[in-house]
There are 2 protein chains.
Amino acid sequence: MSLAGLFDVDSAVTGQQVRAEPIQRRSAERLSALLDAAAEAVDAVGFDRITTAMIAERAGASIGTVYRYYPDRVAVLQALHERTVQRFRERVVEEFESSPPTTWWDVVDCAVSAFVGLYRSEPGFRIMQFADREGATLGEGTPSDDVARETGFFATRLAMVLAARFGLPDEPELIFRVEIAVEMADSLLCRAFLHDPLGDERFIAECRRVVHDYLATFYGPVVAFPGVDVSVAV
Amino acid sequence: MSLAGLFDVDSAVTGQQVRAEPIQRRSAERLSALLDAAAEAVDAVGFDRITTAMIAERAGASIGTVYRYYPDRVAVLQALHERTVQRFRERVVEEFESSPPTTWWDVVDCAVSAFVGLYRSEPGFRIMQFADREGATLGEGTPSDDVARETGFFATRLAMVLAARFGLPDEPELIFRVEIAVEMADSLLCRAFLHDPLGDERFIAECRRVVHDYLATFYGPVVAFPGVDVSVAV
DNA sequence: CTTATATGATCGAGTTCCGTTCTGTGACCA
DNA sequence: TGGTCACAGAACGGAACTCGATCATATAAG
């Protein structure tokens, strides 16, 4: 099983948020144009301030067109979220290919780099944080419970890679620990970009260190880990 | 400077979200009744499903009364958030008094216990997570930039306690590291309560371990720390 | 102590804004 | 030329928010 395969598109969780599959090619372009518009709007005004009219206008479409493809407002945001998660996975794979990982740490490093890179370049990337938490707040009758567990899903995939390719023990604990690591990294990276659009380097660096140290507690330190002193200081 | 003083009410960040200060005593009761109602509503339907009418009805007031005290819907949620943060601080102080801390770890431990305890007992406590992130998404023209930095504010206070009472070096790094720790703990504890209303013990325990290990990297391990093996395993 | 008056506090119908639906019109295909 | 796909924007409904009328309380005057 290849790295790319593990993270690939087909294995993604697909919520049925699209109302009508695009028949003509023109439609597919409209669809992505709508998501692009939503992504811009996310950066411009934030999640909640987004109006359907705003999305339609930025996409050069009309209100009706939005509702042709999505059942409601939040479905658009969910679709954007899924596309963003997908692009994140693709970006991780790209990082793998440009600098093939040789240790489990390299895998984590690639994931962090991918996250940071996309946060800087991809409009509306902050939507990553959003839906994960939001799915929980919807609480009771949410149909797509899968979406709420995106982070857990990604962690599971990542754990599989680490087990299959780098000999980490394939136990249930592995998934749990990777999820812990993902959760920590996510929060620290989001914090890094909270006020700084380029991302506060101190938080990014500390994120790498924290994740490394945490996993190294169980799976041994990586030799020649750059810039981190694992020993106890002061 | 006492522990209680460090966390006390007066030093809290006060966003001017209240439209009119209550003159008569009756008003103060109304105000807290509105927040109580909002808190119930948070648990009942989640953030976004909350309507102003819902808050008014639960509080036994009318729509107009809500808008007498708060400029808009989100201001009510922000006020609830601040009150919750305040109660969290008070709870931490209570924990301090019931079992006085003797090491820096005890302080962290109290904070975690306070967080978990309130999540279980205080209605609408999940609002903690919310506004921190949300303040950021509001982005540009937010008048109260202070509110967005609640976490950072709390971390600063906590760092002061650790420095003043437990001899941790009073450097800028301390604040930064405490903020990292708070950020990690926050995300892991929220994750613990994401699907489990009582909080997943595994995540709570791992939160304690992670925070301890991180701070111990800089400030030395705590002797006889319960149940955590600081040495590298496997 | 009673009454007058000002101001705080409350209410809820009315207004506006926004999400969503629906109907009419044009574009592509057989 | 009939039929389906795609689109636009007016129309609808509900929720956020405003505003003037009304009630409650505190202070001042008699």
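Every residue gets a Cβ built from N, Cα and C, even glycine.
Residue ranges A:51-70, A:111-130, A:211-230 are listed, and TrEMBL annotates A:51-70 among them as DNA-binding region. Sorting the domain 'HTH tetR-type' (A:28-88) by DSSP state (H, G, I as helix; E, B as strand; all else coil) yields 48 helix, 0 strand, 13 coil.
For the DNA-binding region (A:51-70), the mean pLDDT of the prediction comes to 95.
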